[in-house]
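First the structure, in the form of structure tokens, and then the observations on it.
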């Protein structure tokens, strides 16, 4: 009975843990070529009651990845400023991403070490309505990417941009951090921001003001350090500080001509005036060339060998001829030198002079003995005792 009472709470806790690890699933509808922003709120993962607010000291971090893959798709990005702030999944799907994708999000509670999972089912379809062939991209240096992702600042940017564009519906196409486009991390100084690229599309043509800003003359002034050509009032200031030297306009109203598919040929340029076809090469016999290349050096080496042998064997001077060409006085002097040398060698070998006694080994000066002393010198001290 006591064992059953002990196991009941343990099984209840295990079942509760299994129930918590079950991932929630949320279905989201996306459009190709339109910006997608999904906030990762702390309240969604903490599962608090509606009337209970999220404590400001709760720290949550998120990890998102494509199901079956270690990372997110190429078009989708994740950002979170700190564990106290919510995270964001944002991006713009491409036509190749059409269909559905499953994103798994795991939230980690840095205080209680709890783990919560959520599954996002992204249904990506084609946009409805008119096309947006006129697209403009602006670099906003006064904001970070997570400051523009919420709905309120994004709508405020579109409203302010409407004063520079012709009347029409403006839609956000993409939002990209400047760090992802090669920007530098700003210094930790107040007022310094990373910057964000905002891409906007519309069905109405560009205004004269935007065309002048993106003209080559305006870019030339920016390259010289001068302000760009902005002929209208900047309605984006002071809420958004736009770098007007980094404005790009893309007009897709005129379809690009399709590249002609080259027709594969035989690879022979017959009608090219600069093409000189090679002539037919006749068959050649290289036996003669090979024999000349091998035999001529061998014959030359053989002739040189015979010439050297003749000179060394048959053209030598000889001792008799050399002695006959030498005078008698010189020959007598030479012979006397050899004779005296031999005589001195014989005298040195025949003399037997006794060696000095001091040079003999182990000679005793007091006794005159030539034999080694009876006392073993190895056992005698080097310095005798003095009395």
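Every residue number used here counts from 1 along the chain in the order it is shown.
Placement of Cβ uses the backbone N, Cα and C atoms for every residue, glycine included.
Listed features, source Swiss-Prot:
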type: SIGNAL; residues: 1-23; note: signal peptide
type: TOPO_DOM; residues: 24-293; note: topological domain 'Extracellular'
type: CARBOHYD; residues: 174; note: N-linked glycosylation site
type: CARBOHYD; residues: 246; note: N-linked glycosylation site
type: TRANSMEM; residues: 294-314; note: transmembrane segment
type: TOPO_DOM; residues: 315-387; note: topological domain 'Cytoplasmic'
type: MOD_RES; residues: 377; note: phosphoserine
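Secondary structure at residue 246 (N-linked glycosylation site), as computed by DSSP, is helix.
Under the DSSP three-state reduction, residue 174 (N-linked glycosylation site) is assigned to strand. The average per-residue pLDDT of the prediction over the topological domain 'Extracellular' (24-293) is 88, rounded to a whole number.
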